[in-house]
Amino acid sequence: MHNCCQPIYPVAGIRTIEHAVMPTAQPPLMERAGRASAEEAVRLMIDRPGPLLIACGPGNNGGDGFVMARHFMQAGREVVVAFASNPDQLPVDAHKAYTAWTDAGGQTLSDLPAPPPGGWALVVDALFGIGLRRPIEGRYADWIRSLNALPGPRMSIDVPSGLCADTGRVLGIAFEATHTVTFIALKPGQLTLDGPDHCGEIVLKRLDLDANGQLPAQGWEVCTKLFMHALHPRKLNTHKGNFGDAVIVGGAPGMCGAALLAGRAALRVGAGRVFVGLLDDRGPAVDQVQPELMIRRAEHALADGNAIAIGPGLGRDAAASALLERALHSSATLVLDADALNLLGSDPRLAQQAREREAPMVLTPHPGEAARLLGISTDEIQADRLKSALALARHFDSHVVLKGCGSFIARPDGQWRINRTGNPGMASAGMGDVLTGLLGGLLAQGLNMDDAVAAGVHLHGAAADLLLTRGIGPIGMGAAELPDAVRQILNQWVATPHPPGRGGPAHP
Ligand SMILES: NC(=O)C1=CN([C@@H]2O[C@H](COP(=O)(O)OP(=O)(O)OC[C@H]3O[C@@H](n4cnc5c(N)ncnc54)[C@H](OP(=O)(O)O)[C@@H]3O)[C@@H](O)[C@H]2O)[C@@H](O)CC1
Ligand SMILES: Nc1ncnc2c1ncn2[C@@H]1O[C@H](COP(=O)(O)OP(=O)(O)O)[C@@H](O)[C@H]1O
Ligand SMILES: [K+]
């Protein structure tokens, strides 16, 4: 279980913190980082005899590796260090660490050695950390390819080499760690895009620094503490009118399921009443699975709710466009998803109305929808997901959830969150519709936008994670399976507001 409610800093923020504390830090930060890495390595090598291999690079990440190597040698453990650079070109701290290693009797090999007969107890990547500046090629790319092919645990120091700490992009090739020991604070690139696949389990070592005390964070990890204050056990004396009316608008011909999925999710997250407005004249009059849903024609449903979620299966024809325009002019809290976003992307007039709207609104694009909204390619969105999410939030003066592995929640004021629940079982059609319904259902119950979005996104992923524990997925997990799991988790959270493992420092 990872720590919770952690601040997250792009590289520039980590550098600011480092520069503020480095001149006076005793012991020096690199000593702390190397020791912390060694402590974690010991844990990974329990019951794994034999030497460990540390591959050290030309910067301070390599310096951490030398400190770690020295600790192991002094503890009597066999350690092999590969280092292909010129020691005289190491930065000051790393040079000190190198000298301390050689003074203690350590040696370096200029190429990767063949593994010992029993294999390495642990392979450590200290090649590049937050200083990675360009795609890795040549010798270091060959090293990483060889290291990735080795069996057993693989640990990265700070950031897997080749992974961009800001964006989660692989630059050329990246080390595939089973564990990453990261320093001072989490970095966004570890938690989104290709980050989670390359970091494995992330262990944060703060090095006795209070990052948020040094530099107030703009970005935080989503955890239950962020929103639990908004979720209350139900009083006995309540009725459905206390829990809001959610309206889902969508369901053009061939797409009714999308709107129904959203409606079911809104019910399961506790909305008092859920209306589903369908565009399809021949759509179902009743949902046989969830007859509690009140189904009507889309144009008649709009007036019914204090929260409107529009988009699932909406289509993009004139009727859809007119409905979206009406929704934008209503005073209800809005969730815009799917074709509602595509319409905004293709009709500047609607986009302008969305920008000028004053009532609270959240946009929940996947990367393709985000690309249409910003008029750029999906690759450009994914190249820097955080930047894209923040640009959208500013542009529409609204909350934005940029979905995908490591969903970003961005606010127009530049604050952001990243969610770590969820799994690849969610890479199947309809999962986004469920999120839309969850947000609509939470907003209908009166949660403010910050709380509803954090709770909805976290709950969405947590429900899919619960299904995994039951053997449902990742392959073949279905969106319709999520709402019941959402209900179970939400009730557990409300009954036990701070479950074990979800503690940690107070949120901002
Ligand atoms: N500072 C501190 O207080 C603390 C820092 N700590 C540790 O330091 C790490 C940051 O160290 P760092 O800034 O030296 O960067 P690092 O990641 O070692 O890489 C830079 C080197 O790589 C090179 N290089 C870059 N890209 C390349 C490529 N594609 N292919 C080839 N070469 C490439 C680049 O060369 P250049 O671009 O200058 O030619 C330069 O030589 C951080 O992640 C943490 O582990 C901890 O000890 C805690 C305290
Ligand atoms: N690999 C993954 N890891 C975590 N979450 C994922 C993953 N794949 C998809 N999701 C989540 O599932 C949902 C998919 O939404 P979307 O792409 O809009 O689907 P649809 O349009 O079919 O409903 C998003 O909330 C997304 O964050
Ligand atoms: K590394």
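The count begins at 1 with the first shown residue.
Cβ coordinates are placed from backbone N, Cα and C, and glycine is handled just like the others.
Record features (TrEMBL):
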BINDING   60-64, 129-135, Tyr140, Asp158, Ala258, Gly313, His366, Asp433  (6S)-NADPHX binding site
BINDING   Asn61, Asp125, Ser161  K(+) binding site
BINDING   Lys403, Gly404, Cys405, Gly406, Ser407, Gly432  AMP binding site
DOMAIN    14-215  domain 'YjeF N-terminal'
DOMAIN    223-493  domain 'YjeF C-terminal'
Of Asn60, Ile130, Arg133, Tyr140, Ser161, Gly406, which binding-site residues come close to ligand 2, meaning Cβ under 6 Å from one of its atoms?
none
Taking only the binding-site residues Asn61, Asp125, Ile130, Gly404, which have a CB closer than 6 angstroms to any atom that belongs to ligand 1?
Asn61, Ile130
Which binding-site residues sit within 10 Å of Ser161 (K(+) binding site) - Cα, from Ile130, Arg133, Gly313, Ser407, Gly432:
Ile130
Do any residues at least six apart in sequence from Gly404 (AMP binding site), in the same chain, have a Cβ closer than 8 Å to its Cβ, and if so which, in order?
Thr192, Leu193, His366, Pro367, Gln382, Arg385
Structural state of Asn60 ((6S)-NADPHX binding site), classified by DSSP into three states
helix
Going by Cα-Cα distance, pick out whichever of the binding-site residues Ile130, Gly313, Gly406, Ser407 is nearest to Asn61 (K(+) binding site).
Ile130
Mind looking up the mean pLDDT for the domain 'YjeF N-terminal' (14-215) in the predicted model?
97
Using a 10 Å cut-off on Cβ-Cβ distances across all protein chains shown, tell me which of the binding-site residues (Asn60, Asn61, Ser161) has the largest neighbour count.
Ser161
Are there any residues at least 6 positions away along the chain from Cys405 (AMP binding site) with a Cβ closer than 8 Å to its Cβ? List them or say none.
Thr192, Leu193, Pro196, Gly422, Pro424
Could you round the CA separation between Lys403 (AMP binding site) and Gly313 ((6S)-NADPHX binding site) to a whole angstrom and send it over?
17
Cβ neighbours of Ile130 ((6S)-NADPHX binding site) where a neighbour is any other Cβ within 10 Å:
24
Highest Cβ count within 10 Å among the binding-site residues Gly63, Gly313, Gly406, Gly432: which residue is it?
Gly63
Tell me which binding-site residues (Asn61, Asp125, Ile130, Tyr140, Ser161) have a Cβ under 6 A from ligand 3; sequence order is fine.
Asn61, Asp125, Ser161
For AMP, what surrounds Lys403, Gly404, Cys405, Gly406, Ser407, Gly432 with a Cβ no more than 8 Å from their Cβ centroid?
Thr192, His366, Val401, Leu402, Phe408, Asn419, Gly422
With every protein chain in view, how many other Cβ atoms are within 10 Å of the Cβ of Lys403 (AMP binding site)?
25
For K(+), residues beyond Asn61, Asp125, Ser161 with C-beta within 8 angstroms of the site's Cβ centre include exactly Ala55, Gly57, Gly62, Gly65, Ala126, Leu127, Phe128, Gly129, Ser156, Ile157, Asp158, Val159, Pro160, Gly162, Phe175
